[in-house]
């Protein structure tokens, strides 16, 4: 553009005239917009205005500049949008605008300039707008020191203004004076110039091509330029003395354009201050004296030219995202510390150390580097980023491994980074400094450092061995792994005396789920120091019983699954039966002592290489013969063969072909002949390559067998029959070798296992036809040609993925299409996606929302025997109900098939989700041929889902059962529904991973949970809390023992001394058992591992209890004192209580002090008593409750045992089930044992209080069930009646939940328990007269109301609850706790008490009833009366929760009880239905409940009462109120019209003549006496004589 070529010289052409043309119009809605094109020299831009805009402009110009008023075309009212008018108006408006521009040729008026957008695009307008802006805000910007952003167009306009030589204030407006800009630019320190790509706005101006001058900026310290052309920037060099930071992006093609623009005028130049050598120098250029930071990234710079001589003080240089190919000329930058050369085109670093002397941070990411040899002398390097390069060899890291100052290294996204154990191999290159290196932004872990130490030791041994290789070439061939503690043969090198056993293996992160690394490391290290007897398994009887089972003893019919056990979802699915051959009739598992031996263990690799070489020599003739047979089979194939046989042969030998099989089979016969010729050639090449690569030269084989990966796994080998064994798969560069761990050796030491590895078979890569995942992340499938072998490999996810990736790398990319099976999953599919597909296939509701938390391969052993309980608690012959220990269960499953014991002979998968345990059975039948995969889809898996709440850990396992390495490390006993199941984990550490995940999920469940209650408390069943069991298992694993398998050794067996040390701690736990008569056979039970696991809980309890006892003793002492205060003082005390609620004493005192005694019944004139206090209880009740609530000095204290025994009396009116009856019969310490053995979920939990009550849940508001409420130091447990199970649990129709016919004779009860953790408790609402209380959590599932119907029971529970909460530490609530002044103090002068809310120190809110609630109840009752105006003001005398006895049908006993609220006023008595659970509304409630809080059921006048009958039938102390049903009474006229009608199932009324009977049962004796007393007093006041009270039978 011409504008871009204007020079800055003094001579300039005359300014061209401006033009404005109306080039068109547009119709917008109901008006027309005119398109105007403005031209200013070579600049053009477009604007749009409607006629009204012109009219407004004209009015302002007429007023300000006195132009002709008739110059603008007139308005039109009719036809203003007609085409003819619009065209005429376009011409008139163009003449109007042109006339205005002619009238004001130099500087347009302000309104006209804005109308034509001169302030955006025209030189004078742009400078005027900028000057006005800086006039107003310039000083503020300079004072704040902010970066000022300016556009290239604005700089261009300033430059043009200065070169025109016109007055700085041509418009006459002082605000637009150019001097404001110049004054601002002289003082500005921080500048940012940002251009745009393409035209600016609606103009044709390209900012990046506009020239401008920066010499007007005299004080710049920092400048940032982007999207400009550096060739057109002038004056930047004037800031050399002051500029410290400069950034030029998307603007330059060379460094010289920015740093030395004046150098283009000279042939030779030198920087100022350098000594010349007498050459032809034509110019001396000043240096950038203050520049320390230079950013030239994102430009098009291709070389680092000599202009860098001008920036000698530079410290930070960024040249990233350019096109640099060579690092040059940086030797002049002596102060350079940080250099960024990322994302250039560097391919070599040769000699870079001569140019980068003191660089500390070097970024070379995103280049083409393959070698790092040029960095080996950069001794000052601290941080090097080499990501996204082409570094392949590990040896390249050696170049930087010796740099003394290096701390951070990044090698991500290099070919090097996909090497197995990449991190440890890289870190090993740094030697002793490995701990100081942060690799790939991840700090080095202790585990990695241990691995590095092992690698260093291996490398040192290799170096020593290489020095002796000249004299002992064949020493490695005679190497064998001797069983410990044998001594190495004498021919071994003397330089490695520590090699008498294998080095300590490298343990992967995936292999250790739950166990401390130190314990495992010690178990996998040398075992020579151990005596021989320490190698034998601990549970000798268990091991012998398992290993003595002969092969084939189990019939295949007896090993099939019980119908519906796992495959119950699809019973019609037919499968081809395969003969199941268990390995020697035993349970197979992978021992953990060998999994640490990987491909990095050189001695182990040498052993495997020798075995593989010998196997190849034996199998080589068979492989060559098979290749020849394939060649002959192709030659003998003729045209007379049937098409199906041809297809089979072609499909059998097509593993080098491309494309899917079906597509190629549809091609023509000519193409088929060509394919056969290609196959013949490839088969011949394969055979020749096989003979060459696998020749008889032993030295060649030994030297060239390279082991890529070692995978320890559980293997299912299918070849006509199914065979299972623990295996070691070895992936080499030629094929795969399979080794078996003999089952009888699986319990030995790692030395013994490795020395007894038995070779099974091997096959080259070419024989592999398909491979993929049967289940993603869990089971890898390899299908081998010829022998139709299928290998199902089960291992942990990480090792399987690594093995799969290494196997894929052995094949060319074009061959992978044939090896990927359509019926198997690829590596990209996750377990979560597989679970979603499986649940969708089985149409599980909400299956897409479930997330897998872990999946574990296990054997499942379970019993189906139905036997009755034997006398005296002897369950030794009972299969179903006996302690289902491993030895007995497995022995029966393998040796006694006639007793209907079923065993899963093939592993299942236990998949945990947040709510369910999913049991998955896979089809291990032989894989179908390619092309026939339509018959195999998701129904290859059978699924059974069990709610996680019904799964328990070994609920009845006896603690007398001896344990061992196998049982402790692999066996877990479960109660799933009503079935005992023994899960045998086939992989190491999976049991502890399962326990960890299970405990987390079980603890997070908010629904009902299954608990098991033993019927024989003296037997002390092994049913401790889940976390206690997990910690016990964990302690077994963490024991620092010297045995080869520390996870398997119980403390009593591995270390007798610690067992004796634990005896004093266990004494308090065992003493009560001895008092109950522990026999000599039962005594050792308390000393076994389960009892030891519970010992810390008993030992730590007293110490933990002392602090709460001391802290809350004042509260217990001071609380009874206010109880003696008169009633008149109760209201102020209650009102002031919240102010002191922070102290435990003050918080608990009002709750126990403000209630009147039972004998102080309030008179009607005094008002409702419950409004004054939350806890009306007996006089001595508060003192007794607080005395009982004190934290005992020793747990369990005698007071606690005595109080729980006294409180463990179930009310006679509550319905019970067998499990609750059993609990109610317990006394003394048996209650404490029940809590810890069957109920508690936390290890150090303490029982504090027991309460029997009926409860109502928020989710089932119409159902009231019996519950035993146990308050502990951590939670509130509700053991519920069995009737609630069907409302909360899922349908229980499968195998797991079928009760046996002799279930009632079992030694335990299966019950339901609801747990409300105290940490989830948010508020406690207390009902009127303390008749009930509601516990509210954060969700609807955590809201439950306890209907004690007894103020004393409520009061005791709340006192204990407050005491327990005081010992808990609660984090501050996220909501603001402080209230504003008016809400906190504004209502104190009213004299009325609002809802009494007590904020406990634990942030739990206790809400007590107020006068307002009593007033609401009074109002509701008054509205139901026939004529409220005639009746005196109601005054509630008594409010109690009672039952109305429904008259039973003929021939039946007791009638059912219906919960009712009985209300006694001064003249009436009412029965109401009350909603206890929904009111007051919880915080999470979105809408009001559908039910009203009170619904009046019936009402009678007290004076109509004829007599009161009291008897023991049908319920003890039941009351029958007999009323005279007088005609025309004025109470409840609309409600009681049908008194004499028959109402089947209605309330218990008996209408004989004119009498109506209420049969009322009041559970609380105190409330019952108070009702009779008040009723008699009111009746006497109304009738003038005593109320007749009659006793009946």
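Using N, Cα and C of the backbone, Cβ positions are placed for all residues, glycine too.
Straight from Swiss-Prot, the features:
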type	residues	note
REGION	1-134	region 'Necessary for binding to phosphoinositide-3-P'
REGION	121-695	region 'Necessary for homooligomerization and targeting to endosomes'
REGION	246-869	region 'Interaction with PAK1'
REPEAT	290-311	repeat 'LRR 1'
REPEAT	313-334	repeat 'LRR 2'
REPEAT	358-379	repeat 'LRR 4'
REGION	466-499	region 'Disordered'
COILED	624-694	coiled coil
REGION	629-687	region 'Disordered'
REGION	661-869	region 'Interaction with LIMK'
REGION	709-807	region 'Interaction with ITGA5'
REGION	1016-1185	region 'Disordered'
REGION	1081-1146	region '10 X 6 AA tandem repeat of A-E-A-P-A-A'
REPEAT	1105-1110	repeat '5'
REPEAT	1111-1116	repeat '6'
REPEAT	1135-1140	repeat '9'
Non-local residues, at least 6 beyond the ends, that sit with Cβ under 8 Å of the repeat 'LRR 2' (313-334):
288-306, 340-349, 352, 354-358, 363, 366
For the repeat 'LRR 1' (290-311), what are the DSSP-based totals of helix, strand and coil residues?
5 helix, 3 strand, 14 coil
List the helix, strand and coil residue totals of the repeat 'LRR 2' (313-334) as derived from DSSP.
3 helix, 3 strand, 16 coil
In the predicted model, what is the mean pLDDT computed over the repeat 'LRR 4' (358-379)?
91
For the repeat 'LRR 4' (358-379), what are the DSSP-based totals of helix, strand and coil residues?
3 helix, 3 strand, 16 coil
Take the region 'Necessary for binding to phosphoinositide-3-P' (1-134) and count its residues per DSSP category (helix H/G/I, strand E/B, coil), listing them in that order.
64 helix, 29 strand, 41 coil
